[in-house]
Amino acid sequence: MIKKIMTTCFGLVFGLCVFAVGLLAIAILATYPKLPSLDSLQHYQPKMPLTVYSADGKIIGIYGEQRREFTKIGDFPEVLRNAVIAAEDKRFYQHWGVDVWGVARAVVGNIVSGSMQSGASTITQQVAKNFYLSSEKTFTRKFNEALLAYKIEQSLSKDKILELYFNQIYLGQRAYGFASAAQIYFNKDVRDLTLAEAAMLAGLPKAPSAYNPIVNPERAKLRQKYILNNMLEEKMITLQQRDQALNEELHYERFVQKIDQSALYVAEMVRQELYEKYGEDAYTQGLKVYTTVRTDHQKAATEALRKALRNFDRGSSYRGAESYIDLGRDEDAEEAVSQYLSGLYTVDKMVPAVVLDVTKKKNVVIQLPGGKRVTLDRRALGFAARAVDNEKMGEDRIRRGAVIRVRNNGGRWAVVQEPLLQGALVSLDAKTGAVRALVGGYDFHSKTFNRATQAMRQPGSTFKPFVYSAALSKGMTASTMINDAPISLPGKGPNGSVWTPKNSDGRYSGYITLRQALTASKNMVSIRILMSIGVGYAQQYIRRFGFKPSELPVSLSMALGTGETTPLRIAEAYSVFANGGYRVSSYVIDKIYDSEGRLRAQMQPLVAGQNAPQAIDPRNAYIMYKIMQDVVRVGTARGASALGRSDIAGKTGTTNDNKDAWFVGFNPDVVTAVYIGFDKPKSMGRAGYGGTIAVPVWVDYMRFALKGRPGKGMKMPDGVVAGNGEYYMKEHMVTDPGLMLDNGGAAPQPSRRVKEDDGGAAEGGRQEADDESRQDMQETPVLPSNTDSKRQQLDSLF
């Protein structure tokens, strides 16, 4: 009877086992073909950030959530490989993807506990989970994980699997992979890890937060001890090595990626361009982008601009705290302040600080980054003293929780503030358009708005050279006489009223030459020139310099620069004068490398005299250059002559009520544009002239940029002749002084003979017939805008 019962039980158990094996086999056969392809493992491309470099190899920007550095398995030290294997998978080199004995132990433990508490996942299974599966704790997921681990083991070598694991695993503090973790936790190369450090990092995969040695040092130490004991048990280390490692004092030095702060606007331009092309993939492919700017040029440009903005703001009243945070209880304040300040940047030696307390004597206690506390007395508060607990200033007053800026002046801290006035500087290689320096404002961190590329402002008189160039193309010369006298134009003002423009200084000189008029920036002369050549013709002609039609108002006010453009666009346009008449497009991306260091793309720029389109007659460019040299020598930009160079030319610009100030200066190699103005346009007062505030910025930067470069000037092109103390296109050379425009802007027929080889009298007559105006526009070829040309270049780059 008992034997029969035992036989029956055995049969049932055996049957159940067979049934279970059958079900397992069916499950395997049904699931295995549906497992994902291993292409992502066989062609592993880890998510690596976009890194932007200057031309001299300095990092100027890093973009991407995951901080990872791909490392070959052979470059990880043996001590780290052993530590990880001892911690995560002792039988890694023996099993086929799943550790059967480990699974058996886990199953027993899970049955006893009644839940999925232990997973016994091998390194291969963790690779399967990290790349393909979720983190949910279910038997289905574990089953798929085991099958996928087996598939991985059949396709990849053990070292390749380990390489994937070492580079992909998340280890806390935004570190992905052990190479990145070595930098972030210990600020050292992974190859330089000690045994103690390796064992500490090897404890992180199990639970990065729980075993973070910075946040939970005691738990992390216990985990390290467990791993070292495992290594000893597996004969990976000796007892002496274990004890030394346990007694080693570890120093955690948080790695901070050093990003050069001088070119943040340039780095952001690159980020935007690559994001537009690649989308979110731009931040994960590990691209390394080299730009055209050098950090030394960037620093010189940044300091030149900041100096002018600081000087203008000197003497201004204190505008108040820049922000406010709620500090809550005293015991929580220090931690809250430290966390808040860690997200702020020191700019121009202006250190962010948070007010902790205001004493009865109205001294102010502040906390600096790093936790240091400083008490500011009335002297240290300076111009900000009136803002201390001043209810009239409302939210801007200095009170507990206020965020202010301070500067250390020889050991004494004092309250300072960032200037409200803003500006931009753009410097280009005149022959290629390569950006040599670009600064889009005082502080990138406070406002990422790039005034060099995004601020659409009136260029004022810096636009006049384009009108004068159009006049030369119509037959006027630098010696043409124009009447600098007041003018009233019925129907040309707002709502059809009379337009009565004026010279900025209110003075008029009568008949003067075109050269004299541009040198002195005479508004009346510019208007009469435009009346003479026709607005339609001028607009079409000026588009050759890269301006869009929307930037060129179809009215006489165009002569005064009432359209809107950006500092970058105006610098590009002036490069036509500087390089002999060729249109080049600005660019900041020079080369792009992939994550493995292979050259992926390189800019092939348009080069003046080679493949760049001819925008204007080279003789026209030369004569305009010679005229604008006088602007620097004796005109509104004579402050630029402080460089002591004879090859400099340029033009200042100031808009109505001194709201915008400009200077664009150049020689045949470099074009630099400077713009100054408030983000919300308002008058800068008497100091807000281009020659007063913009020229000094240009001088400070160009003194550095042109250091060591000889001043050769522009070579005179064929077809230009000198006579009567002036330069002429050969066919427009006259024996007597220049033609004269009458008060209406029309040029009378010359009373003297033109040279025999002129081919006809100088053009310049007033365009009154519609047919003639249309003919003028047809004779003026229009090149693609600089935006179109730049897009074509970038498309070829990518």
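Cβ coordinates are placed from backbone N, Cα and C, and glycine is handled just like the others.
Taken verbatim from Swiss-Prot:
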type     : residues : note
ACT_SITE : Glu88    : active site, proton donor
ACT_SITE : Ser461   : active site, acyl-ester intermediate
REGION   : 378-700  : region 'Transpeptidase'
REGION   : 739-798  : region 'Disordered'
TOPO_DOM : 1-9      : topological domain 'Cytoplasmic'
TOPO_DOM : 31-798   : topological domain 'Periplasmic'
TRANSMEM : 10-30    : transmembrane segment
Check your understanding: Here are the active-site residues: Glu88, Ser461. Which has the lowest count of other Cβ atoms within 10 Å?
Key -> Glu88
Study note, to complete from the structure: Spacing of the two Cα atoms, Glu88 (active site, proton donor) and Ser461 (active site, acyl-ester intermediate), in whole angstrom, works out to 72
Review point. Where does Glu88 (active site, proton donor) sit in the DSSP three-state scheme?
Key: helix
